[in-house]
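Undergrad: One structure follows; several queries about it will come next.
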Amino acid sequence: MTRHEIIIGPFTGGPVTSYIKLTNPTNKKVYFKIKTTAPKRYCVRPNSGALKPKDVTEIAVCLQPYDFDPSEKNKHKFMVQTVVAPDDDDDEYPIDVWKDINPDQLMDSKLKCVFENPVTSTSVTAKTTVTSTTTKADSTATNGKNKAVDMAAKSSPKVLGEAEEKLLKAAQEVTQLRVEESTLRQENLQLREDLMKWRNAAMGNDGNLAAARGLISQSNSQLSPTSPTSIVIAIAMVIFGYLLGKLI
């Protein structure tokens, strides 16, 4: 691959990530910031930060899923801007580091995106190294000489196969949970219907039992014994007949 390029692809229908490796070979802390001509197409993490002396960091450049458009080939570009921190700088990420900056202190390295055509295979091995040499003014300004700051960027496109597999597994688990939820709801409705049937049957049995009790009570009243008055009269008639027989 030619220099000053970052490889994007191959396109597989999902997000595609390339990595930019930034190296600070100097003995001073350097702040960096990354810009792109298509911010809606890419997710850059981190897009700004600081590099300590001799420090190395990786920047993830993730191309969001979209239909490949050949007309956009080689149109997207990235810019890595850097500035050397002053000697008395103690803040890790000062808010105003990029405000009112002297253009002579600002360094930049431009990267052109190279798209790989859509392929069926998800495996790819491609690496490119981008090196830019920029010049800064010496903070001490004692000798008036300039020092060079080299920023090396290495691009290694990777397909997020593992992440896609996890997302697919999570989607399957969600679908399974929804099926189980639907089954539980159906069982709950069936239990409610059965409960209503049992209640109606119980109410019907109570009505039949009350009717049977009424019939038994009526029969008992019809079969009740002779009243006490009738018994007294009968006893009096027996005594009267007995006395009448003695007299005769």
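Using N, Cα and C of the backbone, Cβ positions are placed for all residues, glycine too.
Nobody curates TrEMBL annotations by hand; they come from automatic prediction.
I grabbed these lines from TrEMBL:
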- 1-116: domain 'MSP' (DOMAIN)
- 227-245: transmembrane segment (TRANSMEM)
Undergrad: I'd like the per-state residue tally for the domain 'MSP' (1-116) from DSSP, helix first, then strand, then coil.
TA: 7 helix, 52 strand, 57 coil
Undergrad: Could you please provide the mean pLDDT value for the domain 'MSP' (1-116)?
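TA: Averaging the confidence scores along the domain 'MSP' (1-116) gives 83.
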